[in-house]
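What follows is a short report on a single structure.
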Amino acid sequence: PARMALPALALLLAAGLLHTQASPSARSFQLDYEHNCFRKDGVPFRYISGSIHYARVPRPAWRDRLLKMYMSGLSTVQVYIPWNYHETLPGVYDFTGNRDVEAFLDLTAELGLLVILRPGPYICAEWEMGGLPAWLLWKPDIILRTSNPAYLAAVDSWLHILLPKIKPRLYHQGGNIISVQVENEYGSYYACDYGYLRHLLGSFRALLGSEVLLFTTDSARAEELRCGTLQGLYATVDFGPGSNVTEAFGAQRRVEPKGPLVNSEYYTGWLDYWGEAHASTSAVWVARGLEDMLQLGASINMQVSPFLQLTSLPWPGADYKDQYKPVTTSYDYDAPLSEAGDPTEKLFAIRSVISKFQPLPVGPMPPATPKYAYGRVALRKVSACPEGCTAPAWHCSAAQHPSLSLQYADLLDVLDVLCSSGPIQSQFPLTFEALKQAHGFVVYHTQLPWDVPDPATLGAPPHSICDRGYVMLQKEYQGTLERDGRTTLHVTGRAGDSLDILMENMGRISFGANTSDFKGLLGNLSLNSRPLSNWLIYPLAIDTAVQQGWPHTALPKSSSGGRVGPAFYTGTFETPGIAWDTFVKFPDWSKGLLWINGFNLGRYWTCRGPQQTLFVPGSVLHVGHPNNITVLELEGAPPTPLLLFLDRPLYNRTLGCSTTATE
């Protein structure tokens, strides 16, 4: 394995000396086991590819990001398709707007890029439940990613919708999709169910035909390659900078003695978890590893282009590595192309390496997108303008009146808006899945059954808080219960006092454990070890309400300062005749979510870090009329609630509530 039998092939590829007499009309993309390479239209070929997640990029930015990847020297892009992004409920499909994957694939073809497709059904991608729909868990005994009949039935139904959209775009059919991955890093999953992989292989062949190249991806560990590979699926590996390239490709050679060397995920960065330092990977290190692989003639896909999601629901997932580790909202993990689509030093280092092995496209790299620091915006009462303010009521800016009052609504006071169908009665708590609630929040309400004059322990069984519970007694915030963290609080009160727990889904596990990650209260709460009962449960549809204009159309209260506990805050601002990308900072806020003009821009968690800003694409902003801001703060807003709009992101590297954010 040390020689790989490929340096000579690398020289031939670079010199363009390998040719065949293939007819121009004979489109094909195949494995050549004799010469250890791919053949495209009969000619030896190797790809240099980068990953892009259309579901994390605003549709107006698709062309810009793809063009920058093309101008970087990439011949190919690798594309995930998240099942849960498209089949939001059983049999309910959405391929419109930002979810129009066919339009995205057509754009890649227009720009001259080939595509490696990763349709799952499981994709990982640090995406909620690895792309599997939460509604699969409506059947609590389902066994995901196995030959379980209920799971296979759902998979087959989805593939019969998706793959017919893909087939006309396969390379041999005249399209630009050169290969399709089946499942993803299956060897890392506990099940090791070959029957499941065989079923998927049969389904993909039946729906895509016999000519398309199907492959798998796993780490270079022997155990993962044993469980993740199957005859009939070409086995590839993934590894990052710093790995021993010879050893890693040697692992591929043990399962694929012949054929092209392929690193399907070369990690140009690494992911961020809430509460850990912002990840960074040396550009020099990345470039060196890339050059080592290209010198061996390998085909490579880089995790080149991660971006922030921009969806109607937040989709970040979580890893499970001895404990639950939710990932940050931003998917910019020191990427060669930044969250805002800006070329970085790392991108130009990669481009320089590529230029040693193949010609670069003619022309300049497209520039960074324009940014604007819109400044300070106070969240405020919007029905009146203080004396001396000449702007319309909705245009009073923080610069004119820094102490303007804000407008807010305690979450518990607007349950009729957020749960219009009313509560569900249950003797004991029900999970999100039992309530058919995929994302977001659920309120669990009961009453103290007896007087509690002395502090009593409100507690939950082990592993039953999924993922954070904000506790209110008589609508006063008491504290937070947390998965793998604090699971008890001390409370006092009188019989009949209201007890409410707002439960938050921080993202279902996408890697590292069984992905059957149920949410909500998975066990009953107790008071001094005596179970509480008689619950009213409110599944909240916050995104729907905000998209329909609430709370800007009606908010019940105004205040001169921030509140403690879950509450909504609103404000508006106007742009100075432009709608450029920007970043929002939350000075002295705790944890919550941000919407602008109805778009859910994700979760902030300033105390936990490392992410300190949320990216706001210019495409969501209005020019010429107000932009509506809605913030749901979960633990406590600052005395003077302000947002700062900046022209660059901020991270902190020493974590904790007193840390200082750094660029």
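Keep in mind that glycine also has a Cβ here, set from the backbone N, Cα and C atoms.
A TrEMBL annotation is a machine prediction, not a hand-curated record.
According to TrEMBL, the domain 'Glycoside hydrolase 35 catalytic' annotation covers 38-356. TrEMBL lists Glu185 with the feature active site, proton donor. Here TrEMBL flags Glu265 as active site, nucleophile. Sequence annotations record features per position, and here TrEMBL assigns domain 'Beta-galactosidase 1-like first all-beta' to 429-540. Marked as domain 'Beta-galactosidase galactose-binding' by TrEMBL: 566-624.
Note: the domain 'Beta-galactosidase 1-like first all-beta' (429-540) comprises 0 helix, 58 strand, 54 coil (DSSP; helix = H, G, I, strand = E, B). Residues belonging to the domain 'Glycoside hydrolase 35 catalytic' (38-356) score a mean pLDDT of 94 in the model. In this structure, the C-alpha atom of the residue listed as 'active site, nucleophile' lies 11 angstrom from that of Glu185 (active site, proton donor).
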